[in-house]
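Down below is the structure, laid out as structure tokens.
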Amino acid sequence: MAELEGLEFGKSDFVLLDEVTMEQFMENLKLRFEKGRIYTFIGEVVVSVNPYRQMDIYGKDTIDAYRGRELYENPPHLYAVSDAAYKAMKRRAKDTCIVISGESGAGKTEASKYIMQYIAAITNPGQRAEVESVKNVLLKSNCVLEAFGNAKTNRNDNSSRFGKYMDINFNFNGDPTGGHINNYLLEKVRGGGQIDRGAFTALLRGGSEEMLNSFHLENDPAAYVYTREGAESTVSTTNNDRSSHKAVMSALEVIGFSKEEISSIYHILASILLLGNMQFESDGESVQIVGLEAVNHISELTGTDPDSVTKSLLYRTVATGGGEVIEKGHSEEEACFGRDAFAKALYERLFGWIVGRINSVIEVKNYNPVLHGKNTVIGVLDIYGFEIFDNNSFEQFCINYCNEKLQQLFIELILQQEQGEYEREGITWQHIDYFNNQIIVDLVEQPHKGIISILDEACLTVGKVTDTVCLDSMDTKLAQHPHYTSRKLSPTDKTMDFQKHFRIRHYAGDVTYSVEGFLDKNKDLLFQDFKRLMYNSSNSVLKEMWPDGQLSITEVTKRPLTAATLFKNSIVALVDKLACKEPYYVRCIKPNEMKSPVLFDDARCQHQVAYLGLLENVMVRRAGFAYRQPYARFLQRYKMTCEYTWPNHLMSSDRDAVEAIVTQHGFQDDVAYGHTKLFVRTPRSLFTLEQERAALIPILVLFLQKVWRGALARMRCRRMRAIYAIMGCYKRYKVKAHFWEVERRFANVRTMADYGKSVEWPTPPAALSQFHNITVLWWARQIVKNIPPSDMLEVRAKVAALTALSGERKDWGVSRAWERDYLVRDCPQTSSGFIRVSKELRNKNEYSQVLFSGFCRKVNRFNKSTDRGLLVTDKYVYKLEPKKQYKVLKRLPLDSFTGISVTSGVDQMVALHTSAQDDVLLCLQRGQLCPNQDRVGELVGSLVDHFTRSKIYIIENVFILCCSSNIRVTTSPILL
């Protein structure tokens, strides 16, 4: 748990005050401000005091300390309420909003930026590129909107002159997927005709010399009417403007503005500055523009014709009732008015276009709830605060009305709604009185009676209706209203002037408004000539901003709504949007008017505390309950923390089950039971439940994973069994089908001459890939059985020779009959001698069969050759001398031979290898009767067949010698 603040910093939550009085409240607020603690809680509401200095409390370490923590675990901070809103959105899939309120200069804009930065920092831990892109655009949009929408006032160096409500959309993972920005009432021109937007001074001081020259501008804000006020230049302001200009240019590129669009934006800014410097002169009959060079520059920047620009500034086109179009020249005063109205409208349209362009980039695209889950929203409202100036005009009236509406929402949600809920639920409650500002809201917006209705009625009245006439109408209709007065209704009040001022008693204090300019600002007085001029621009961006310029002067259109009515409608829609979300509040307080980091103006701060209703908020929180939830939802979330409610309870009602949970955890004294909801007084009790739930969730997840994995495994097992059963049946069918096809094709093979050798086999299934080998054996058997027994010995020898030689010897005597015993056949004259000797050897050595015999030429180790006779029997190999009656010269046991080598040519060379390394090299002679016979194959086949049938594996290798005398050894020994 994060370290909490010590008592020397005061109470971190106003609810913990010993006594709820204004004195103690202010004392605690001042102590914390002086100690550098600018944030304080009121339950879930954060009270923020503007420190007017940079503070090191917004870094990464601070973000990590607040991420995922409960509100009371850490000292008060904006990050605490931001995380609470994010958790509520993510945990309960509920839309939330953060309403930042307070008067101008209280620090609302900075608070909204820190909230946005925190939300961006804690989301998208996976660093997905598309989510990071959305976050960057959301953050950079703040920079752009500040530059074009904020201004320097006498109360605030960076005052929001527009209201901004941003919806941030999140997916089911809690990552931002887009957003939408709504803007309210961009104040066009401040009193005295001054436009003090940061965008102008940033352009003039931060733009390069080349850029300013292309825009026909100087780098001195004092040279232009609209930026002259407060244009004193210091090193600090110049550097700030330069860095601001670079930041805005970079932000526009990051957001996705094209180079052409960025160029168009600055062309429009330059045009506005040049318009402000334009002067008119009158010769009594007509009005002329002083110096036409400015017209040419404006024409160039806006992509329009110089003559058209001059005509729009000096004349007004009017359509008569008969459809005739006439041109009416302006007076000098009317020309100045039209020029300023044109400049206001240009800036207003530009700002609206920028907001719309940003929305087109950040809007959620291709969203489908079925595919992407529920789309939840966090809204952040940063809107102008309550304003009291020396001269309060129409803009301050609208701004203060907006703050009245927001205060009414705060009262309804925090005070009135909470007390009403306690009464509905039957919770014992001490009623707390608070000021309900509904009467002030009605004063402004009530139909037919409110100030806005009176203004609209005056604007729609035909004829010359002045601001004074409108003030008289308000005095007549609102004379009895307790919160409205004027000099006419209070003649003794000399702080107001007759026919000029009226005063409204707002919840934040009394504000005196000057009625001058109310009607002009309330209705659209921009001449149609300017709209058509901009619509006909060659600049596509500028043309897009003025779609209403396409209407012809003679076309009759519906009268547009007034500015006040449009603003009222947008604020009502905003309040409705906020009311349907779970609100979180940041109440900002301005400590002094001097923008000092050490000064605490007690009276000024007490006034803000009073009109913000903070004391009443503390009373409600102390008397009430921090958390409430319907029984069913509470039970659904925390039932796993109690053995009597997990997984499902058997009690009579959900309330009884909730009581069992509370009793088991010992929270009986910290809760109250309503008719439909449970009320928990302190967040600590809820946090204890959350901690236990968080500890149990992993166990439950593992259990559910185990059950689900088991179910998946069983489903897979059943599926696999079914698959194998189907596969088995299918394989059996394929085997049977194959057999049926084989039977069909080979039905008559027994009667065929080739026994079916020419019949094509069907493609067998994988299980029968070797089945055709059996039929090959059958086919061979059918052929072999027709061979006479007397020829079988020769056939086997030829098969053995074919296998042993492996196609290495082209001619090995396969086509002739093998007679084996060639010593009898080749020389009939000496055959009787050989027959006699062979009989003697048979009787003596008891061999039973002659494998091969023939004449040969033996080569000894000295390369000398002699004619000899070779006799190979089933037991011995004999070397005979034919010239000496076949005398036996040498006898070697047949099993002493280990191999035989022959050549691949047509010669008859044979090498017989022995185990004693006493090899025999000889050349078989082909005989006189058949000189072309090849007998090498017959010798090899006879030996291999003999050893194969007798199963005596003695010959290890058969070597084939190539004709080039290179020996080739078979890769694997052929065992014979």
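In case you wondered, yes, glycine gets a Cβ from its N, Cα and C as well.
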Given 571-593, 594-616, 939-961, which one carries TrEMBL's region 'Actin-binding' label? 571-593
How many neighbouring Cβ atoms, not counting its own, are there within 10 Å of the Cβ of Ser104 (ATP binding site)? 22
Measure from the Cβ of Ala106 (ATP binding site) and count the other Cβ atoms within 10 Å, all protein chains considered. 26
Cβ neighbours of Glu103 (ATP binding site) where a neighbour is any other Cβ within 10 Å: 25
Taken over the region 'Actin-binding' (571-593), the model's mean pLDDT: 88
Taking residues 6+ outside the region 'Actin-binding' (571-593), which of them lie with a CB under 8 Å of any CB in it? 29, 33, 42, 44-50, 52, 78, 81, 84-85, 88, 94-108, 111, 115, 155, 163, 165, 182, 184, 377, 379, 381, 385, 401-402, 405-406, 408-410, 412-414, 445, 599-601, 604-605, 608-609, 612, 614
Any same-chain residues 6+ apart from Gly102 (ATP binding site) with CB under 8 Å of its CB? Would you list them in sequence order, or say none? Ser48, Lys108, Gly385, Phe386, Arg587, Cys588, Ile589, Lys590, Gln608, Leu612
Using DSSP, what's the helix, strand and coil tally for the region 'Actin-binding' (571-593)? 9 helix, 8 strand, 6 coil
Going by C-beta under 8 A and a gap of 6 or more residues, the same-chain neighbours of Gly107 (ATP binding site) are Ser48, Val49, Asn50, Pro51, Cys588, Lys590
